[in-house]
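Below is one structure, written out as C-alpha cells; comments come after it.
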Amino acid sequence: MNDFWQHCSALLERELTPQQYVTWIKPLAPVAFDASANTLSIAAPNRFKLDWVKSQFSGRISDLAREFWNTPIEVQFVLDPKAGMRSAAAGAAPAAPRAPLTPNGPAATVAAIAANLTANAAAAPSAPADVPMTPSAAAAHHLNADDADIDLPSLPAHEAAAGRRTWRPGPGAAPANGGEADSMYERSKLNPVLTFDNFVTGKANQLARAAAIQVADNPGISYNPLFLYGGVGLGKTHLIHAIGNQLLLDKAGARIRYIHAEQYVSDVVKAYQRKAFDDFKRYYHSLDLLLIDDIQFFSGKSRTQEEFFYAFEALVANKAQVIITSDTYPKEISGIDDRLISRFDSGLTVAIEPPELEMRVAILMRKAQSEGVNLSEDVAFFVAKHLRSNVRELEGALRKILAYSKFHGREISIELTKEALKDLLTVQNRQISVENIQKTVADFYNIKVADMYSKKRPANIARPRQIAMYLAKELTQKSLPEIGELFGGRDHTTVLHAVRKIADERSKDAQLNHELHVLEQTLKG
C-alpha cells in the first residue's frame, strides 16, 4: 500500500502544478488496503479536501491503482484529521532560487520566458499573499486632477546639477536614516509595502512575476517596455511597485517614478496651462525607471499621448526602463495613437489572470494572518471556492467576515461565513454556466453550439471544444465528470486532457492567451 502511494504521489507531483500538489495530494495518506475486496482507503484531513479530491482526482488515482495492481481497484476516501498532521511532518520543500531569464531583444514574447519558469514555479506554494494598495494608499498616489499641483518631485540638488547619468543597478547602500528613506519614497511615489516577497505566485501570474524579476535585475536591457495587462485587483500595481522597490534596494539614488495615468494627464494639462513644459520634460526624460499605471486612461487624450510618446522615446534611448499596466491587451485599447501601440508591442506583453483556487486560499490565509486572525483552512477554501474574480474581492470578503464575527461575538466558522457573505454568495450563484460558456466559445470561433456535444473531431471543432472545457473548469464549480456529461457524455479523463493541454499551450502561445483573455472578460461581463 505504501509503495503504491509513493509511486502515485510521485506521478501526480509531475502531472500537477506545485501548488496543486501541495494543496491537494500531499495532505492525503493511505490508511487501508483490502486485497480480497480490492479496495483502497485514502484519508483526507478535512471535509472540504475530501470532497474536492474525490471529485477532481479520484479517477486518476483509481487509474494508477489499477495499473499498479493490474486489477480494478475501488478507491474510497475517508475523513481523518490526523492525515494532515502525518503529511505535515514530512516538511515542505525549500523554495527554489529565482531563475534568470535570457533577454531576446525587443521582440520578446511570452513564450520567450516560459521555458525559464521551472525554478520560479517551484517556489510558488511558499510565496506569501498579494497585498494590493489600500484605498488610502491609492488616494495618496492618485491626486485629484482639479486641485492637484503639477506633481514633479524635485531631485536632490547634487543629482539635478549632475545632469543625466547612465545608471545600472548595483549593490547600493541603504538610506543612512529614516528621513532620507522617507524622502526617497516621497520622490518616487512608491508604496514600500508592495514587494516581491509578499506577492503570492500561482499559474495565473507566474509569467508576469518572472518577467518583473528579470526587469528588476536588468532594467532597460531585458524587456523594454514591460507591459502588464489584466482585470482589476489582480496584482498589476503590486508587481510594478515591487520592481521599483527592488531597484531602490539595489541603487538608493535611482531616479524612479510611479504615477497613475490619470495623474499624468492632469500634469500635462497643468503644464500646458502654465507654459511649464520644459520643466515637465526635463523631469520625465531624466528618470531611470518610469512606472505608468492604467494607461487606458490616456484614451482620447491626444496632447497627453504626444507628450508621453516623446518621454517614452527619450527614456528608451537613454536605456531607462518603462513599465506600463492596462486593463486590456495593447491593441484592444481604444483611442490610443498607433505610434504608442507599436511602442507598447515592441517589448514584452504579459497577461495576469484571475487567481486559481489554491492561490486564492493562500491569499486569504496570508491576509488573515496579517490581521492577527487564525483562519481555518475549511473557511478559506469555502470563500475561495465561491469568490473567483480578483484579490480585492477576496480581501473585501475577508474584512466582511472579520467585522461580522467581531460584531456578533462569534468565532469564524463556515456557518458564520455564509451569513456574513450572504449577498455576495447570492450574486455568485447567478453567474457563469457551462451552457453559457459553450455558446460564447461557439460564437467566438464561428461553430455551432451542437458541435460542443458532437463526436466530430476536425481541428476547427475539437480545438474550440477543448477551450470550452478548459473555461468550464476554470470558471465554474463543476467537477470533471459533470463537465464531461455536459459535453456529450464524455469521460472525465477527456476533460482532464483538454484542460491540461489548453493550460500548457496558454503559457507558451501569446495568441491563444489573448483569445482566452477576451473570452473570460466576455463571460464575466
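Each position is counted from 1, following the chain as shown.
Heads up, the Cβ atoms here are built off N, Cα and C, so glycines get one too.
Database features, via Swiss-Prot:
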type     : residues                       : note
BINDING  : Gly233, Gly235, Lys236, Thr237 : ATP binding site
COMPBIAS : 169-181                        : compositional bias 'Low complexity'
REGION   : 1-71                           : region 'Domain I, interacts with DnaA modulators'
REGION   : 71-188                         : region 'Domain II'
REGION   : 160-182                        : region 'Disordered'
REGION   : 189-405                        : region 'Domain III, AAA+ region'
REGION   : 406-525                        : region 'Domain IV, binds dsDNA'
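As a summary of secondary structure, the region 'Domain I, interacts with DnaA modulators' (1-71) carries 44 helix, 12 strand, 15 coil according to DSSP. Counting other C-beta atoms within 10 Å of each candidate's C-beta, the binding-site residues Gly233, Gly235 are led by Gly235. In this view, Lys236 (ATP binding site) is surrounded by 26 other Cβ atoms within 10 Å of its Cβ, with every protein chain counted. With DSSP states grouped into helix (H, G, I), strand (E, B) and coil, the region 'Domain IV, binds dsDNA' (406-525) comes out at 87 helix, 0 strand, 33 coil. Counting every protein chain shown, the Cβ of Thr237 (ATP binding site) has 24 other Cβ atoms within 10 Å. The secondary structure of Thr237 (ATP binding site), as reduced to three states from DSSP, is helical.
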